[in-house]
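Below is one structure, written out as structure tokens, with a few remarks after it.
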């Protein structure tokens, strides 16, 4: 370490492989929308150090290398990847991925000695060799950092890097013209996940040595860092030079003598360069000038496609469209609740739509602008001049006192306990299935620890359970306790397969809390016993009534439980923090779409169980299942979404930006989600399938 310069690279959320590599190689922080393409495609093509080089040879993962070759001009970026199936978290030895890279590099240089054209290309300047070492990451996920497998993999990489450096120096005759940059795209937590903003995920080592790099600078005074790395790595006496991850791209461009990627926002870290002051000054000027030119080009493009009197640096126009959409939709739902009707005519709205369309055509707006701006038109077509703003000033703390203040607490302490045993007569098989699903994760974990891979039987059980989870409840009786217990056991079986610890206790606790709430609502309206309710029964329309203040309370409770179901298990955060352990019972080969889909099912499970109870509250309230209570829920959800829309920010750290966007997207999508979930749970609760001819039943 006396021959180079070291420091800590500060990454940004999301600390995932693709965003990290884009920052390293291209010098900018890619938009998080790339996750919609599984971190594999380029939402927007970008320049990179690879593209600016004369030649670049890459070895490693098929998930990372192709994106830099795809975005390069010409055919000077060459990639060599192993099959995607090799990225198996249940592999007996994930370090073989790194061994493959080192072996391929060694073979490459050996073949170059007898290949004159390849050798001639290698002897040119401005070349890059990129080694992507995925084995440590895979072992970290599968066995956790500090495991013996992880530590052995570090030793393999250390020796592999040393051998590769010696190989390169020998090939070029120790000419002193090669620079080396060793760093990581992200870190990892002690439990083997990454993607969030913990320091163990955002702080990664950076070591640079070779041609054009400063030698280590000894220091005697204490250095201003409190994260403990100086002491842990025993480098207190060597000057530490921290950088932002995007700064590494300009550094590499400067070391090999190529232009900084045009989209780079990184700042050239001068402390790593061993060159003249004039060179450093010119490089910094070029760096700053390039960032300024990016701003000017983007500003010009925006001005050319926007009417001058409406031009603003930010998207105020789109913001207004989003707000109008929410306000219009919320107003429409309120009007449906109040049984009012529209008196605006279609021609007026058609004229408005035409004006908006022409306006967008003049500005050459992208297709997404038409969606944002035209969506409010049909919504506002259904809205009259009346607008009702509901102000929620009663908090959950006050609502929690309601059972005590209303005198219902004493009545419901022992209610609904006498006639529920009968519903368990047909559940032993389901209980056994749940017990098997509770044991499968333990068996899978044991098999992976012994490096025996994912047992085929466990995988079959897992996928079969998932596929049947929405069908099994339809085979049970539609009586309340029969159907709810069937839904709970069926969905819990799949949830257990996706759980990694005490989180499996959350659904039973939440379900019991919701059940208590239903009992209290039963007493509040002096309704029939719960066991007598049949989900498939038709509601007597003669008993329908107008809305009451109690219905708002029920809707508010409903929204609270839905939010609790979303966030109670912490699964929203776990989606952003990549930890494949939750899906090991289903698959171990890396597949972001399937893994993400399974995690989304896990997040939605508590909400599905709770939504199954909502028709009961509508029965208590004597309102239509397609009517007012659900519409109140939509109003509350829309107001929450509009509130979070104004909290979205595009400045600060990635963690701040990502958190604000996540909250907005979750609450905004809750409206659509609730509408879809209401359809699913209505089928789950009120429909029944018969495998054979309907038998005669003495007990429904």
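Count begins at 1; order follows the chain as displayed.
Here the Cβ of each residue, glycine as well, is placed from N, Cα and C on the backbone.
Note: TrEMBL annotation is automatic and uncurated.
Keep in mind that what you see is a predicted model, and the values were worked out from it rather than measured.
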Candidate ranges 285-302, 375-392, 393-410, 411-428 [criterion: TrEMBL lists as transmembrane segment]: 393-410
Transmembrane segment per TrEMBL - which of 510-535, 588-613: 510-535
The annotated transmembrane segment range in TrEMBL, which must be one of 307-338, 435-466: 307-338
Given ranges 252-270, 480-498, the stretch to which TrEMBL attaches the annotation transmembrane segment: 480-498
